[in-house]
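Asks: Okay, handing you the structure first.
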Amino acid sequence: MADFPGKVSTQTSSNEPQRNYEVPAMVDMDFIKSVPGILLFTEIIVGLLVWALIASTSYTSIPAYGWVMFVSVTLWLLSIALFVVLLLRFYQSLPSVPWPLVLMVFYVVAAVLYITAFLADAVSVPPQWYLWHGHLGASAFFAIVVTLLYGASSYFAYLDWRGEGQNAAGSTVPV
């Protein structure tokens with residue numbers, strides 16, 4: 001009984017979990033600040049404008065807008081998925097995938113598809129007296145903007161694929 005007070009722990013424990021308000025370690029904040037990250041985020045925003053402007057009209061009366069909607073919505077969804085993969089570093093769990101090559105092919109294909117969508121969009125803009133002329137004209141403008149953005153991303157992905165973008169010590173993302 002003499003050593004009883006020395007063996008008793010006086011610390012209290014709490015069943016309430018500790019809260020952590022920091023950004024998780026898996027989120028790559030450097031990617032958001034990089035040129036490829038900013039380009040990808042801008043592609044998502046401008047791509048949203050393209051299909052939202054067309055979707056707000058009665059686009060089904062002009063068949064070319066079906067193609068434009070298909071390209072813009074598909075690439076918008078794929079760009080969001082790619083942004084999440086790169087932001088959360090999911091590419092690190094698949095080291096056998098050649099990510100610089102995959103990104104370059106994605107961006108080149110996206111630029112080619114968007115140039116066809118832009119041409120279909122621009123040629124199909126109806127005359128000024130048409131009710132939705134402004135929406136469809138604006139969608140053509142944003143389609144060429146997002147085409148140029150995908151072209152710029154293609155260039156940066158090409159530089160990364162060739163290893164000319166930066167040295168290996170400075171590379172934080174596979175873009």
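Start at 1 and count along the chain as shown; that gives each residue its number.
Each Cβ is built from the backbone N, Cα and C atoms, and glycine gets one as well.
Residues or ranges marked as domain 'MARVEL' by TrEMBL: 31-162. If you look up TrEMBL, you'll see 38-59, 65-88, 100-120, 132-152 marked as transmembrane segment.
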Asks: Across the domain 'MARVEL' (31-162), what does the pLDDT come to on average, as a whole number?
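Replies: Here the mean pLDDT over the domain 'MARVEL' (31-162) amounts to 91.
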Asks: For the transmembrane segment (100-120), could you work out the same-chain residues 6 or more beyond its ends whose Cβ comes under 8 Å from its Cβ atoms?
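Replies: For the transmembrane segment (100-120), the list is 50, 64-65, 67-68, 71-72, 75, 78-79, 82, 140, 143-144, 146-147, 150-151, 153-154, 157-158, 160-161, 174-175.
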Asks: Mind tallying the domain 'MARVEL' (31-162) by DSSP state, helix then strand then coil?
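Replies: Here the numbers are 110 helix, 0 strand, 22 coil.
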